[in-house]
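Enquirer: Dumping the structure here so I can ask a few things about it.
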Amino acid sequence: MKVAVVGATGLVGTVMLKVLEERNFPLTELIPVASEKSVGKEITFKGKKFPIVSMDTAIGMRPDIALFSAGGNTSLEHAPRFKEAGTTVIDNSSAWRMDPTVKLIVPEVNAHELSIDNKIIANPNCSTIQMVVVLKPLHDKYKIKRVVVSTYQSVTGTGVKAVEQLMNERKGIDGPKAYPYEIDLNVLPHIDVFMENGYTKEEMKMVKETNKIMSDDSIKVTATTVRIPVMGGHSESVNIEFENDFDLAEVRSILEESPGIIVVDDVANLKYPMPKDAHEKDEVFVGRIRRDESAPKALNLWIVADNLRKGAATNAVQIAEYLIQKELV
Ligand SMILES: NC(=O)c1ccc[n+]([C@@H]2O[C@H](COP(=O)([O-])OP(=O)(O)OC[C@H]3O[C@@H](n4cnc5c(N)ncnc54)[C@H](OP(=O)(O)O)[C@@H]3O)[C@@H](O)[C@H]2O)c1
């Protein structure tokens, strides 16, 4: 299995390499790819050094799988070229997610949709992934009518430049800016660009991607996405209104038994999910499970996950593992 990691020097790409290594992914050849400025530099994988190659060199090597995390435009331009060379592309950018011919996959929810014909597969937005992992088992049992979500998102979701901005601000250094305002000691109700309807693109991604992944347009979703000066992962306050009533103990046990979820919900002992605890973990953490006392058949949850792991790298690697296991690549 020849695997290209496109964007290997970036935040997601670096975690991708770590996840491939940790999970002992069955690769025989690793092809790290980045922009022209990085070609010739080396990355270390399983104790061995690998030179970073250009996009053209990588395509010429005809990898079986290419894990892309190099931005939307790079993906739009180059994913079809890998596809032409017979490579299956798993893309982390938003470029292909809403293309009706492309599957948008969270393995715990809809890996069964994949077939051998899917040569470009999209990884959803980080905030959407961690939410749908939790929504899916609850939807199967109680049928979700409406979701109201507010996010508290880590600066690592913006990439290397944003982490540098936060660190520079902490040290009083005036450096390059990833955000229009200071992020340290601040909260920005603004992720991605604003759209005509007053929502941000990130908010609309959470709406549309949830419907696509869950294959159910009847689920109403409304989102407010917010950047906070945190590094470990994204947090979400999620209010869910169901068609059918639920029992809180049953909700807890459904979540405990669902794949990829860890319930941390013991307020008597001050246990609840936090980004510091989710950092470098592959699971989605759920807590503060409580009935919404202002509405019938409604539930409040707090969901946390490492956006670079389950929100990006781990989800992509899980898709690749599924393709191999089912012989779809
Ligand atoms: N951060 C997250 O939580 C997250 C989650 C889900 C999806 N994503 C998506 O994943 C992608 C990467 O995000 P990131 O946070 O890792 O960004 P990042 O830290 O800025 O890294 C970007 C990577 O892309 C490479 N790259 C840029 N232009 C390229 C080109 N023309 N050809 C080849 N490689 C190129 C860069 O290489 P150089 O080092 O050579 O510049 C670098 O390796 C984005 O599309 C983002 O939307 C991010």
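Our numbering is plain: 1 for the first residue shown, then up by one each step along the chain.
Glycine is treated like the rest: Cβ placed from N, Cα and C.
All TrEMBL annotations are machine predictions without curation.
According to TrEMBL:
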type     : residues                          : note
ACT_SITE : C126                              : active site, acyl-thioester intermediate
ACT_SITE : H234                              : active site, proton acceptor
BINDING  : T9, G10, L11, V12, K37, S38, N307 : NADP(+) binding site
BINDING  : R97                               : phosphate binding site
BINDING  : Q153, R227                        : substrate binding site
DOMAIN   : 2-117                             : domain 'Semialdehyde dehydrogenase NAD-binding'
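Set these features in their place in the structure for me.
Expert: Counting every protein chain shown, the number of other Cβ atoms lying within 10 Å of the Cβ of C126 (active site, acyl-thioester intermediate) is 28.
DSSP assigns H234 (active site, proton acceptor) to a strand in the three-state reduction.
The Cβ of V12 (NADP(+) binding site) lies under 8 Å from the Cβ of S69, N92, L308, A312, A313, each of which sits 6+ residues away along the same chain.
The Cβ of R97 (phosphate binding site) lies under 8 Å from the Cβ of L104, A122, P124, N125, K205, E209, K212, each on the same chain and at least six residues away in sequence.
Residue environment of R227 (substrate binding site) contains 25 other Cβ atoms, counted within 10 Å of its Cβ in all protein chains.
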Enquirer: From the Cα of Q153 (substrate binding site) across to the Cα of N307 (NADP(+) binding site), what is the distance in angstrom?
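Expert: About 8 Å separates the two Cα atoms.
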Enquirer: Rounded to whole angstrom, what's the largest C-alpha distance between any two of T9, G10, L11, V12, K37, S38, N307, listed as binding NADP(+)?
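Expert: With T9, G10, L11, V12, K37, S38, N307 as the binding residues for NADP(+), the largest Cα distance is 26 Å.
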Enquirer: Which state, by DSSP, holds G10 (NADP(+) binding site): helix, strand or coil?
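Expert: The three-state answer is coil.
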Enquirer: Filter the candidate list T9, S38, C126, H234 of recorded positions, keeping only entries whose CB is under 6 Å from an atom of ligand 1.
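Expert: Once distances to ligand 1 are taken from each Cβ, T9, S38, C126 fall under 6 Å.
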Enquirer: Sorry to bug you, but what's the C-alpha spacing from H234 (active site, proton acceptor) to L11 (NADP(+) binding site), rounded to the closest Å?
Expert: 15
